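Participant: Can you keep this structure in mind? I'll have questions shortly.
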């Protein structure tokens, strides 16, 4: 590597340049080659290595290079054979333009030693460019008045080639008007031109299309063309000419103003202003013509501007002229003859006199609606008139006299289908062409009250939650009346039905205009489950028409009643219940029972029992049944247990939110040999438990007798009213019997509230009531019960079947098919290992049935009145001291039914069970009265004995 004097390589390019310059002088030489333009790639140009005296083997070692000096890679050298060839397309016109000489200058540089050779490659021209005109089309405008031999210069073509290839010759397409003037070689300044050799006529030849062709002198010849479009300009050398010299037109005498008479047409062969024509009447036209006709100056249309009368003038002769706008102007003339024709120019005239408008839709057929008269001023056939009516209408025209008609009713009317008719009466004369006139008759159809209000459906079902606010909107009834005005004005009212002492108006009301139904008082599901009534819709027509719709209002239950405790509460114990238990009892022994009832339904009435946390400790040897409320021992009692146990039992329903009640049970543990001289049930202010219980039983018996008497009187009154009522005057839809019970246990009594279904509608009344006295099995029957054992005297242990005469309420009978028994042994069973909880199962009997047990519902969808009663023998276990007698509850009402366990040899008086609503009732009254007295004595003795046992 060479370095400069400062020791860096910056001096190397300078040194290399000096060496190249030196070798240039030593090895300079020049070669000449030629190649035609547009030669293909690889075309041989020359053996450059051989011509330069270089060996083929030294081309690569000596770094043979070819420099075209900015000409690109048009030429290239094959280093294997030293041949110079064409590498890419060579276009002479692109390289040198129109220059006569065109060469490519090359430099060949070889190294070791450095030599430079000059090579000139001449590019020879070929005829590869055709002649080209400046434009493909040339427009020439020549007036038809130009004289002969007029010359019009043209622009020639150009050829990019040179020499013979650029030598052009011209020729013109054959025609009779022009020839081509081509300058000779001595007239280079004179341009190419067209020479006119025949006069032009625009009307004959408005345009000429010529083709000018240029041909070069190359081999092969190439040509170029240009279209010559020659437009001949017009001169005013033609006058306007009409199609005809005489136009004949016929017009009726009643032609209207503005009617086009004729449109004479004139044409001018000239164009532009020379061909624009102006129409007018001739100057010698009469004033009468000018008063009746008008001619448009531009279009030449003649129109009527005055009245024409055949009797006044039968023909009008109109001279017309057409003048162009050329200079000088030229004119053409014609005549228009207008003949007036007598025609039927008077149309019929209609006169209508209406008599009965509007027409009632119940009008009789043939009713005259209007009188029509027609007139025509013409004579003969032109004055003969016929009338017609709009088709497909319930009316017709009846001819009564010449040119007189009556419009009468032809078919029955229905305003609800069509409320009005627009009739068109057409009168047509016999002229040719006939003339007609029309008149409209509006016929309104008056409404009659022939449509009753109609409801969308015959019955509606509405669900309303209980405890609604008074005046609450519960539903809206709507009836549609197809009539109009007063006949369609609907008012609503309740179909009044009295339900005992209460009227339907005390429950609901309906707005007379809007049809909105309102609850007048808070509805109570426990009192009223279904309110069925009818709403009447009546229009204001004469006579008024109406229709009824049935509304079934179901009152949905809400948890608005807390559980009510039925456990007897003695005076002096602050509402607590006292029980005595022997210390010798073992585990799983029932020592007491907490009884509660919920007036709600479904889940809202499903009760569960549990001990309060403060009393449910491990040291307390008692537990309470989750669904039975029975208090039983969890283990055997011993001396370490406190002699007095205070239990707090929480009674909770399953409503949302849940409501609760708390019962306090005081359990006293006594020894087996200890006589209960005093009891926590005793009161400080009481003279003795026996006296208190006896007094209470007396009052209870009196109350039962009073209630029974009231029921008997009610039944008798109902029977009388039913027998005297019409079969169609039912106040209640067919319903199910309602169970009414009363019972006495210990020193308290409760009676079930009466659950009603208040209905108002068609159908006979039905009120089936049933009552039974305390201490009896709830089986009904008068003669069928003979020989049936009591609930406590059944020694076989099989469940006792209810008497077929037992009649359930609607909800109770519904529960017979899907009841769930929560048995004492099926819910919680105590054992040595602690309580064993089992889920309720659907069954008809349990391993340890309890006489008179009622099964509570499992789901919220089961009504509390749908529980199934079971009757069977009592629990074989003997009741412990202080244990309450077995009972069953009817959820949904505060009623409690006691099933007393009588001795095995005791006999139940069948007459103590009374069933109301039976046909045999009147035959058994005396027998039942005796049975009631005997049973009351027995009950009084049993109650005294039971109290003393406790």
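Yeah, the Cβs are placed from backbone N, Cα and C, and that goes for glycine too.
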Participant: Of the residues 265, 942, which is given the N-linked glycosylation site tag by Swiss-Prot?
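Facilitator: Comparing 265, 942 with the record, Swiss-Prot tags 265 as N-linked glycosylation site.
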Participant: For the candidates 254, 932, I need the one that Swiss-Prot annotates as N-linked glycosylation site.
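Facilitator: Per Swiss-Prot, N-linked glycosylation site applies to 254.
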Participant: Which of these ranges is annotated region 'Disordered' in Swiss-Prot: 659-708, 759-808?
Facilitator: 759-808
Participant: Over the repeat 'PXXP 5' (891-894), what does the predicted model average in pLDDT?
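Facilitator: Mean per-residue confidence for the repeat 'PXXP 5' (891-894): 39 out of 100.
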